[in-house]
Amino acid sequence: MKAKLIAATEIDPGALRDIGFEVDDFEESKDEDPYFGDFDADELAEFAGRNCYRSFHRPNPATAENEDYLNHIIDLGHESVFEHASATFYIEASRSVLTELERHRHLSFSVVSQRYVDPTDLGIHLPPALFKLHPDDRDDLVHIMESVSSEIDAVYEHIVNRLADRGLPRKQAREAARAVLPNMTNSPMVVTGNHRAWRYVIKARWHEAADAEIRELAGELLRQLRQIAPNTYQDIPDVPYSY
């Protein structure tokens with residue numbers, strides 16, 4: 001599984017100051033990507049909330065700091081302010097994870113085409129459960145699943161070539177042959193969501209009852225989102241939710 005933050009909303013501090021909202025002078029982390037270290041999403045959420053009451057001057061000392069203000073917003077459940085900023089990830093995960101993730105309709109997807117791209121070149125993602133086993137069991141099952149994948153690749157290529165030999169365009173041949181591909185097939189995708197959407201995804205998938213691979217993905221998304229919007233995700237635990 002791979003997840004990489006590739007884009008995030010940036011604010012125009014000068015424009016906000018002209019309106020009357022003074023932007024906090026955050027110090028960027030020395031350990032993180034400098035392009036995504038200024039917490040613009042947190043600032044934008046606060047600005048949006050304060051605009052509702054024209055409270056840019058921060059009259060309440062208890063919510064004068066961004067962290068405290070957003071904590072109050074979260075407590076009240078007024079999460080629409082988190083919709084103004086977005087984050088985009090490049091993700092490589094199994095087709096199974098794609099199916100789960102696409103159920104979150106508030107996310108936007110661009111996914112590799114199995115009609116135009118040969119999926120056998122993209123690799124596979126083995127279930128996380130295998131890597132919790134004793135090494136002997138793990139190695140045996142990894143070998144079995146990789147062998148099955150190789151066999152399916154051969155069957156896939158045979159079907160594609162057979163159909164192409166009968167005159168079908170390659171994309172139509174791949175369209176038919178993809179029926180034999182397993183759920184562990186790698187499915188590179190670009191996924192964008194606003195921070196309210198990402199909060200919903202993580203709160204649903206960062207849970208011990210969730211599918212193991214998507215839970216692992218949710219944890220990685222949370223880690224990276226906290227680098228750009230720590231106060232937006234301040235209420236989400238470092239370990240998966242439990243019953």
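In case you wondered, yes, glycine gets a Cβ from its N, Cα and C as well.
Pulled from Swiss-Prot, these are the features on record:
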type: DOMAIN; residues: 21-239; note: domain 'ThyX'
type: BINDING; residues: SER80, ARG103, HIS104, ARG105, ASN194, HIS195, ARG196; note: FAD binding site
type: BINDING; residues: GLU100, LEU101, GLU102, ARG103, SER113, GLN114, ARG115, ARG178, ARG205; note: dUMP binding site
type: MOTIF; residues: 103-113; note: motif 'ThyX motif'
type: ACT_SITE; residues: ARG205; note: active site, involved in ionization of N3 of dUMP, leading to its activation
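Spatially close to HIS104 (FAD binding site) yet at least six residues away along the chain are GLY193, ALA197, TYR200, VAL201, ALA204, judged by Cβ distances under 8 angstroms. ARG103 (FAD binding site) counts 9 other C-beta atoms within 10 Å of its own C-beta, drawing on all protein chains shown.
Site extent for FAD: among the recorded binding residues SER80, ARG103, HIS104, ARG105, ASN194, HIS195, ARG196, the largest C-alpha separation is 20 Å. Long-range contacts of the motif 'ThyX motif' (103-113) within its own chain (CB-CB distance under 8 A, at least 6 residues past either end) are made by residues 119, 122, 187-194, 196-197, 200-201, 204. A sphere of 10 angstroms centred on the C-beta of GLU100 (dUMP binding site) encloses 19 other C-beta atoms. Every protein chain considered, the tally of other Cβ atoms within 10 Å of the Cβ of ARG105 (FAD binding site) stands at 8. If you take the Cα of GLU100 (dUMP binding site) and the Cα of ARG196 (FAD binding site), they are about 18 angstrom apart, rounded to a whole number.
Secondary structure counts, DSSP: the motif 'ThyX motif' (103-113) has 0 helix, 4 strand, 7 coil. Note: the CA-CA distance between ARG103 (FAD binding site) and ARG205 (dUMP binding site) rounds to 12 Å.
Confidence for the motif 'ThyX motif' (103-113), expressed as mean pLDDT, is 97. Long-range Cβ neighbours of ARG115 (dUMP binding site) (same chain, at least 6 residues apart, Cβ-Cβ under 8 Å): LYS171, GLN172, ARG174, GLU175, ARG178.
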